[in-house]
């Protein structure tokens, strides 16, 4: 039984389309004078953030509140966690408080998986980003944005759409989740990065890999630019910011070579001048702001489908890869 | 096994296609009469089959009054009081006509009125959308067994039933043909998990326990 | 405790051979033959169990002094005895580090007092395992602990000059440097084997080349200075190739493999269960197969447990926060039977070679790793090889339970262990040993 959203790889195509369709309904409610729905009244959702991420936390908080859930924000900073309390003890505390759902952001890959499978808590776990592993709701909101812009049809997937993801793939949980989800939805994904920022083993992923942005741009329906941290330069992942921007950044000239209806995406926060120029970031083809708005709808959909009934609506696949091997 | 139980309890037609056509025409006339012209009427169907009935009623009203009647759909899933009794359900469309519902006479349209819980949820949902001048309810079949103080303003057919019986509304848009069937719930089929094939059985939409889940909304 | 002067084993299959009777008397194997009689001897009906020389572990973390919450010399040597070991080499990464004669003598003396298993301390190569200044290797060698193996295990002696000096220096007393081969810059923050699984899991990769490049450098260094080098816990197919090449040159290189690297792969990490977090990391199926083959053909000299106990809280947490290591003493022989004997890669005589003779020879350990024949020290282990059972850490003698095999069915069970003729394990249960509390 899938009670958690840990990895985009756990979602079947039907699951993913159901979440996108549900998010469309949620988006409709967002246009109304009264945005609140009574659906999760009496449910308690804890935002357990071991890493600072105000944007993501606010998005989950808004989603939970629109569904009338009680929201408890638990930030590791200034809490007992920074005094050495373990994830386990924190989890046991949340369990004692009766958390129905735990939204967790953690610096360690696998921490949400551990929380979900260790038996420490009984509620649903939603991964809000773990280390360099996954960020499934980000991928869902990206897919939602793409479906609206490129397909415009509910019930549909992203079959045949050509999506290019550019940047620091190695350290990107957004990229991992997107590769899984977009390929599940039938899109053709191409990763573009300097070889230093691609993981060893990437050739086993369901996507193409290129080192040449210009070669891929003209064949892309959507180009997703990932944030590249300047610190990576010091670890010799690339020589200089200037060289990175020249080879892998998106500027107006490159954007002009993209197909007419192609969009530019960015999960934010943007490094203007690094992976994306201001001209591109502010162009109507850039969906960065839209992605943020869509994030609330997607997170409402996920919370509703996981917590809106006695059991989740997502597929019951007992052989999910999140299960232990033995 | 399923076939046997179906044979043991054959569903009996209580309304045929011409009957449905006739009662919808009558309800349309009643609406015009009670609303004194239907100028400010907005029809909101409750998915799935309530929406098709609302569209048919809107067409009739247009025939009668000569002007277009706003028609939309109102999904009540998020407002149900039994969400925790079953798995999370896929949502259906909510589509409110462009001019909204404020100050209008909203006629809610559903296929079967049973416990009244669906309509309670619909009133809550409507309250979050706007403030109609008045709200009325039109149903194709009223099968009784109310659990809340709710009644219909327009009823296609009053159908006294026992709780063991099932009322199945079939509409061309969803099921390929029109008809209302009265059957008996077999204990086995009551325990069945419903799949997409079961969408023919609508009497329970919102009103009773058996759950539907995992089925993407049609349209 | 009373010592058993005479013990007669009936029908024991020495190194898996035909059933024979073995008479143990006064700490040595007195007689081997059919239908032996000894009126005053305690008789053990072996039922055709396999009799092996007491196992010798080149790589054990006993944690004392400093981390007695995870293991002590007492609990660790009890675990060793239950696993069929009669001698273990205690690694130097304790608190304080075993980098002086004082610390190694303390560990050695504790082992001697408890009497479950001989403890031969490993001395640190560098002061505080810092990799900067050579520890007093000669003093440790000359101490009562008779240190012959030196290792900064847990850390790599990554400075090529320090490694060269250590290799040269130990030549004076026939010591050996056991290298934990891990290039530190290539593995900063590393969490698991770098490959397909790490890419998916988003865990920082630990490339095989980080191990192989150090091994390549060190076999060349050992050849250059004419010393011998021992490679700890070899874990990759590439490492096997390098060692095979070095041996083909006639260089004095030996290597060990852990039981877990003979069985487990990085696919298990998909569970994010830190019980699979270990250094070096679990590798791929291809690596496992190469390691088995190398142990079979002798490229890898021996099996060493890298028994690494950790308290529960260091494993009952998220992957990134968890400690690296697995306990292994009490499951090693079963894993070797499962992976090497039941697969036909080794017979029991070869198991004795890889788990007793060769590790004793590498550690220059006298009185262990001897043939089972009259006149030899009665360091023996009796194994019920037909047994099949699930691993249950609740029954461990070790203070820690961080085994990756919990609930897994493994073959073989040590029923008896004798240390110089005195039983330390009887019917799979520990018996009080001399000096034991």
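Including glycine, each Cβ sits where the backbone N, Cα and C put it.
Remember, predicted model here, so these are calculated numbers, not experimental data.
For the Zn(2+) 2 site that TrEMBL gives as C:153, C:180, the extra residue drawn from C:141, C:224, C:230, C:233 is C:233. For the Zn(2+) 1 site that TrEMBL gives as C:59, C:61, C:153, the extra residue drawn from C:297, C:301, C:306, C:314 is C:306. Among the binding-site residues listed (C:59, C:61, C:180, C:233), C:61 has its Cα nearest to the Cα of residue C:93 (substrate binding site). Taking a C-beta cut-off of under 8 angstroms and a sequence separation of 6 or more, residue C:306 (Zn(2+) 1 binding site) has the following same-chain neighbours: C:59, C:60, C:61, C:232, C:233, C:258, C:260, C:278, C:325, C:326, C:328.
When secondary structure is read from DSSP and collapsed to three states, residue C:279 (substrate binding site) falls in the coil class. Within the model, the domain 'Dihydroorotase catalytic' (C:48-236) shows a mean pLDDT value of 97, rounded to a whole number. Taking every pair among C:61, C:62, C:63, C:93, C:279, C:310, the residues recorded as binding substrate, the greatest CA to CA distance is 16 Å. In sequence order, C:70, C:71, C:72, C:76, C:94, C:309 make up the list of same-chain residues 6 or more apart from residue C:63 (substrate binding site) whose Cβ falls under 8 Å from its Cβ. Around residue C:310 (substrate binding site), the same-chain residues six or more apart in sequence whose CB sits under 8 Å from its CB are C:70, C:323, C:325, C:400, C:402, listed in sequence order. Residues C:60, C:91, C:154, C:232, C:233, C:304, C:305, C:307, C:308 surround the recorded Zn(2+) 1 site, their Cβ atoms falling within 8 Å of the Cβ centroid of C:59, C:61, C:153, C:306, which are themselves excluded. Note on proximity: of the binding-site residues C:62, C:180, C:279, the one nearest residue C:153 (Zn(2+) 1 binding site) is C:180, by Cα distance.
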